[in-house]
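These features come from TrEMBL:
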type	residues	note
ACT_SITE	A:489	active site, proton donor
BINDING	A:362, A:363, A:593, A:594	substrate binding site
COMPBIAS	A:778-788	compositional bias 'Basic residues'
DOMAIN	A:16-271	domain 'Glycoside hydrolase family 65 N-terminal'
DOMAIN	A:328-681	domain 'Glycoside hydrolase family 65 central catalytic'
């Protein structure tokens with residue numbers, strides 16, 4: 001956790017006013033740039049010191065055997081790990097033969113700024129070498145949103161006092177040494193030297209390296225070109241290349257007032273199928289495009305891309321400048337993660353680090369896609385199309401497990417299951433309903449019926465088939481889904497997990513509905529009326545365990561009868577519990593790692609009464625230890641719904657500060673993209689009270705905690721731009737464009753017409769005593785920082 | 001499975017009339033000799049061909065890392081594997097420079113005989129070399145019951161037609177090449193060259209090799225001495241040694257009618273602590289003892305040891321000669337496994353093979369110890385003392401898991417947990433009650449109260465503490481044990497497994513009772529009246545799930561509500577199911593790998609009414625696929641109790657033929673010691689109807705299937721020799737010696753006095769329609785073979 005403020009609070013940027021080498025691993029994640037295809041961690045230009053060198057291409061991975069001391073039928077044999085690809089951001093500097101290395105000499109000033117409107121990372125450093133030479137180094141780095149294969153850097157050095165001789169080495173470097181992963185199972189296994197050289201090139205200002213991976217047999221190309229601007233008389237350029245290194249060297253003698261400026265354009269490509277010449281040409285072509293656009297052109301494109309994004313997606317927060325900054329930081333990184341992923345997965349860490357081996361999980365669909373669907377819908381569609389493309393693998397997996405339809409993997413890069421611990425992998429079948437839910441939500445929000453026909457329907461049908469074969473009717477006709485693991489990973493292999501059953505229920509009904517809407521497409525998938533009838537029947541008969549005595553839902557059958565975890569006897573240092581207690585003990589007791597029933601109350605809020613929600617939240621809150629970054633935001637949403645606004649605000653703060661304050665001490669491995677997305681959700685669905693169930697009208701039930709005076713958010717909804725502004729007393733709904741649309745403000749339905757804002761009063765709330773969390777696990781009570 | 005009869009049926013021996021090289025791996029297990037300390041597989045004297053070379057010393061093992069793709073808290077990091085130690089049984093022969101190798105030349109005859117009264121393996125072979133030289137080779141091999149460290153071989157060769165020159169090489173050979181283990185997780189991982197040479201010696205007729213293991217840091221010594229008897233004129237002897245081989249070479253020219261005879265005495269020792277000289281001297285001393293006793297002396301000792309054993313342990317069966325042979329074979333191997341183990345474990349395969357890595361499991365206590373306690377009680381006590389010696393490790397394990405008392409390992413050689421799959425390892429806590437049960441039973445059968453005070457009490461107290469901390473009371477006061485795995489490994493991580501709960505209940509009560517009987521010893525263990533009161537309270541409040549609607553016990557909470565396995569849709573080739581279906585699917589459905597509730601109905605028969613037993617058997621029988629060798633015998637026992645005598649007989653046949661017919665196709669890895677013990681139990685507790693619950697009188701309720709005309713069995717009971725003979729109409733009870741004792745014949749109690757047999761009529765039985773097993777899983781209907 002970062003205790004002192006690391007970054008200054010500013011509405012549109014993340015500004016670091018001095019360099020803390022201790023925090024480099026975390027700040028590399030926070031300052032990472034990505035467009036969803038290329039990811040560059042915020043490593044210093046000169047490469048060292050570093051926490052974790054990281055350059056990633058979405059989907060480019062290596063395979064490795066998964067070892068089992070005792071194997072079992074259906075255990076995945078091959079693991080997948082994202083690899084650190086050729087580093088194109090490396091620019092080393094020598095000042096009078098002394099390496100520019102911040103561990104030596106004197107740093108007079110060092111600032112970094114992630115500019116979320118310009119879409120660049122800026123750095124400025126004044127450094128005095130051990131020999132006493134003072135230089136100013138400035139760099140601006142970007143990964144282009146518009147030119148998917150391109151990243152670029154502008155790099156400048158100037159002497160501050162006297163003449164210096166500088167050498168700048170701009171590199172493409174493969175197989176960098178990276179630190180070994182720790183023993184923590186959640187940290188990605190590091191793979192050593194994963195890239196085998198196939199070709200290298202250096203000529204003029206151009207560099208190129210082509211490599212392939214050994215087991216996964218993927219090929220990648222990295223190419224760079226440069227524009228060099230320095231004193232004509234003294235500036236010299238040379239270049240060279242080897243298997244794992246291509247290097248442009250620029251030397252110059254700079255007088256005070258003179259600068260050496262380097263513009264570096266980098267292009268990447270990778271493929272499982274394309275030949276070496278084809279891939280080389282692809283990278284070279286991208287490079288020519290970038291160079292033609294030029295540095296300023298790339299900056300302009302980036303700015304216009306982001307202007308457009310913020311215009312439809314911005315969230316404003318008055319009264320808490322940290323949250324204001326954090327929610328934009330969150331949206332910016334969610335966008336970076338997905339913008340140009342284009343039929344690739346969204347990894348849990350985006351492309352900001354190698355945590356979780358670069359795998360995608362259910363949180364992409366459940367936590368990240370809702371935000372994208374309201375703000376960058378085409379990126380959400382692409383993720384679901386990627387899932388659709390992996391259906392052949394998912395069907396094979398279902399068949400292997402003796403099930404019908406498709407079984408999507410718990411964790412994967414390629415679509416193949418890569419989870420080696422089945423009680424928290426294969427058994428977590430809810431991922432299938434989560435994907436279906438994302439598809440249904442996408443259609444509900446965008447109204448994109450072509451997508452439903454071409455993609456959504458197939459996802460829904462195959463997952464409905466899975467549920468139908470996974471569950472069964474008992475002798476009284478009730479439908480049960482036994483032996484599965486819900487979102488709470490401190491319970492596993494349970495019968496009738498409420499979250500799973502309710503999500504499966506929606507999945508079954510949505511599949512039947514979609515098949516009715518698209519009968520020809522459904523028929524092509526082999527769907528018959530008899531089949532959809534069995535889906536509806538199973539959905540109608542779905543078991544939802546409820547403890548009548550306590551008047552609360554059982555997270556899973558029998559849960560409320562289990563022994564309570566001994567929270568009072570648990571050392572606060574023993575969190576997260578999974579590192580200090582065996583699974584067997586966690587699984588059999590009442591202790592919740594992350595919102596499970598509470599998440600069901602959000603995503604399937606239509607299946608609970610208001611009283612059930614209040615009682616459920618009150619029951620599960622004292623059991624929930626939040627050992628997962630996936631929890632705080634949904635606790636925030638339901639806390640707001642049941643009337644605990646300060647608690648909702650506290651959880652919002654936790655979700656928002658997850659990475660900026662490194663609350664889980666693992667931001668070094670990459671950002672928690674789902675928690676970032678959750679920050680938006682806590683504001684929009686929590687304080688904004690937004691809900692949307694399938695074809696119902698969109699509903700808002702806004703309410704603000706005492707600390708906030710105003711929030712405003714923008715949404716894309718069925719092709720329209722919608723803006724909601726909430727003050728302490730009113731909500732103002734504005735439709736920027738498009739046909740009129742029905743809106744619910746609490747239970748008050750009205751039709752919103754373009755450019756005719758509607759203002760509604762907020763109802764008053766009775767203050768409710770909030771439930772307590774387990775000792776030492778309460779969220780930090782949030783107070784808004786003084787306005788800056 | 002062996003389809004053609006492999007062994008001839010004889011009451012006291014197992015006779016193989018010709019060599020089937022295909023069946024060598026299995027026959028090596030069947031013909032294995034052991035005394036519980038040393039184990040020699042029935043490998044051919046000349047070493048090759050072989051299925052699996054095997055020489056074992058009980059407890060001598062190597063460690064290896066246990067790999068996990070995803071680790072977890074409390075996962076064991078180190079595995080243990082029994083190793084193939086120095087082979088002392090190797091005697092190679094050259095006939096006119098042609099190696100005696102049965103894959104070449106012509107076998108005129110080849111017989112092997114395991115003589116269960118003499119305790120030796122005899123072999124006789126007439127072989128014609130490829131060059132046409134005919135020789136007769138005879139060997140007799142033993143592992144001494146009386147001299148624990150000693151094994152011996154008498155080896156003879158004679159020419160049958162003309163003069164031959166023979167070379168006999170008698171060896172000690174370490175680090176033999178052994179075949180790689182298969183991918184089947186149940187087959188032991190083979191470790192290559194586990195022995196590092198420390199010293200070797202050859203001089204005169206003596207040989208010696210001393211080695212140590214690398215990771216486990218154990219030292220072993222093997223020594224051999226010889227007596228050679230051949231034609232004085234031509235017989236020459238030399239010896240030599242190296243790191244992994246010590247060899248005596250005898251050459252002789254034999255005329256027709258002349259013989260070369262070699263008597264080989266082998267001594268073994270191993271230690272974790274003793275110095276090399278000490279261990280060498282120990283082996284040498286044992287060797288001197290053996291040589292002094294001489295071959296005939298060893299034979300005489302062996303015979304007298306076994307005479308004594310059979311006198312108190314023999315079981316007679318009239319009407320089925322195969323069963324007669326099989327039950328003696330079973331008793332002989334159970335004795336071999338345990339006789340001189342002396343504070344070591346009983347491995348699942350005894351010392352007959354390396355299956356299951358040489359680990360011991362709960363079946364030692366639950367299946368093997370009852371037989372030993374009635375026939376060789378001191379061996380049973382030694383196993384329990386071994387458990388007691390491992391208590392420090394078991395206490396540490398409990399502490400690691402957050403529990404009180406002791407947690408014994410699911411599988412182990414050393415006492416450390418070596419199971420790497422916790423749902424079927426750590427979660428199978430019933431092993432602790434099984435150990436407690438064995439201790440209680442030992443005291444009940446032997447009346448050995450010193451043992452109870454010194455050993456039983458501590459085992460009971462520490463396991464009672466475990467149960468008390470593992471379970472909890474619900475708000476209504478019922479005591480539950482959640483999240484555990486019972487004997488049925490096709491269900492795991494269940495709440496309130498009936499078997500576990502009932503065994504834990506008995507454990508808690510027995511611990512409280514024993515503490516009351518031995519207050520001073522209990523106080524030394526920190527037991528207070530308050531503590532025993534909580535044990536009795538938990539036992540009294542123990543939950544035993546019962547499905548009122550179906551009128552049967554639930555194997556575990558919710559079991560009878562689960563989906564039934566699709567038995568009709570399961571390919572008969574897909575058994576055992578665990579090799580063809582994922583655990584998640586097995587666990588959540590009604591399918592039973594091995595008797596679980598049915599085992600509870602046997603071991604805790606006092607907790608069930610007769611009607612519950614009948615209904616329970618009828619309900620679980622169609623769900624039980626018997627994918628474990630641990631199942632048939634208890635199904636036999638309960639089938640007999642509820643009146644299905646033919647079915648009881650069928651299961652008896654299956655248990656009896658498990659290894660002799662290799663029913664599970666894995667006898668090559670070693671014999672199923674627990675199934676062998678079960679054969680005895682199926683006869684004595686099944687057909688004999690013997691039950692003993694703690695301090696109650698011993699009860700018999702004998703009944704015979706149609707095929708059998710008479711069974712008779714002998715038992716040691718509270719220091720007395722008891723004999724029970726059952727015919728079709730009567731049971732005769734005889735007390736050979738000792739004070740009068742109360743016996744129950746059905747509900748009829750009487751006092752049995754020495755040498756005054758009591759005869760009782762058998763009640764008549766109403767024939768009951770037996771329940772059906774899953775398709776293709778019915779036991780083979782047994783018909784007695786024609787009398788030989």
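Glycine too: its Cβ is placed from the backbone N, Cα and C atoms.
Where the annotation comes from TrEMBL, it is an automatic prediction and has not been curated.
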Q. Per DSSP, what is the residue count of the compositional bias 'Basic residues' (A:778-788) in each of helix, strand and coil?
A. 0 helix, 0 strand, 11 coil
Q | Recorded substrate site residues A:362, A:363, A:593, A:594, farthest C-alpha pair in Å | A | 16
Q.
Rounded to a whole angstrom, what is the C-alpha distance between residue A:594 (substrate binding site) and the residue listed as 'active site, proton donor'?
A. 7
(Q) Name them in sequence order: residues not among A:362, A:363, A:593, A:594 whose Cβ is within 8 Å of the mean position of the Cβ atoms defining the substrate site. (A) A:361, A:487, A:488, A:489, A:628, A:630, A:631, A:674
**Q.** Listed binding-site residues among A:362, A:363, A:593 whose Cα sits within 10 Å of the residue listed as 'active site, proton donor'
**A.** A:593
**Q.** Across the domain 'Glycoside hydrolase family 65 N-terminal' (A:16-271), average pLDDT on the 0 to 100 scale
**A.** 93
Q. Sequence gap of 6 or more, C-beta under 8 Å: which same-chain residues meet both conditions with respect to residue A:363 (substrate binding site)?
A. A:348, A:630, A:673, A:674
Q.
Applying a 10 Å Cβ distance cut-off over all chains shown, what neighbour count does residue A:594 (substrate binding site) have?
A. 22
Q. Once the chains shown are all counted, how many other Cβ atoms turn up within 10 Å of the Cβ of the residue listed as 'active site, proton donor'?
A. 21
Q) Helix, strand or coil at residue A:362 (substrate binding site), per DSSP? A) helix
